[in-house]
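Pasting a structure below so you can have a look.
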Amino acid sequence: MVSTPSRHRRKRRYPSVAESRVPRPRRFLVCEPSHFGVQYAINPWMHPDTSVDVDLARGQWQALINAYRAHGHTVDTVQPVADLPDMVFAANSALVLAGRVFGSYFHAPQRRPESTVYDSWFKAAGFDVYRPESVCEGEGDLVPAGRYVLAGTGFRTTVEAHREVQEFFGVPVISLRLVDPYFYHLDTALFVLDDGHEANIVYYPEAFSPGSREVLQRLFPNAVLATREDALAFGLNSVSDGRHVFISPGATALADQLVRHGYVPVPVDLSEFFKAGGGIKCCTQEIRS
Ligand code: ARG
């Protein structure tokens, strides 16, 4: 009998998937919800007769900021402005890639003044700001994923703006059509899990037109697919740092899937903001330098 030398028998230890997920520290821009409220209806979640508990909203928002800081992320704040109740949704203000800022142009007249306030913040922070010619709601509809910028249209941001984004950054922009009014922004139906060219994503397929679904399948064959329950719980409105996923606690099935894929869910409840149709990602603008 030939005996195997012991060094061949010794079990080599590979890192588990969970151990291999490496977070990248992020820089976020946020806006305190001092003037948050539901004063008009521009998406199906909003009912102007809904009362908002501003103290509860502030507490929930602060818990999100604390969670970001506790995980090593930098958080900058822009001063909130009275009469701009949606200004807390910082993600709509811009797309920032490699220190270049592509500003916003809101669909709803009520939100249009927000662009100037955010632009002033960016300028004071040393950035030049490009003002789009067509309706474009920042990271609400523009999601950098690997080699592409994924871009939502159908309710807010226009295809013309997608072309402007491509021209400005020189990055291929993939237009995706949203078809369900509850998921009116791309960031309510899809989020990115990690960096790098092979970045993976999570999405709720039924929020997209059949053709756009096929595009997502082709580009991200290993994507994590979420259910309607996850999506209605704002689970797709998550922020990932490559390891930790800041996620709505209601998206339980999705959180379980993420654990199986080696990610660490960090539940943060922003239920008061759901009344305006926004969650974690909506409140978070990433500044990529
Ligand atoms: N009430 C806001 C609107 O309808 C919510 C914006 C949510 N932001 C987002 N990034 N999805 O415009």
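In case you wondered, yes, glycine gets a Cβ from its N, Cα and C as well.
No curator has checked TrEMBL annotations; they are predicted automatically.
Among the features that TrEMBL reports, active site, proton donor is placed at His185. Taken from TrEMBL, the feature active site, nucleophile covers Cys282.
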Can you tell me how many other Cβ atoms are located within 10 Å of the Cβ belonging to the residue listed as 'active site, nucleophile'?
25
Show which residues of the chain containing the residue listed as 'active site, proton donor', separated from it by at least 6 in sequence, have their CB under 8 Å from its CB.
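Residues satisfying the criterion: Asn92, Glu137, Gly140, Asp141, Gly152, Phe155, Arg156, Leu178, Cys282.
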Which of the three DSSP-derived classes (helix, strand, coil) applies to the residue listed as 'active site, proton donor'?
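SS state of the residue listed as 'active site, proton donor' = coil.
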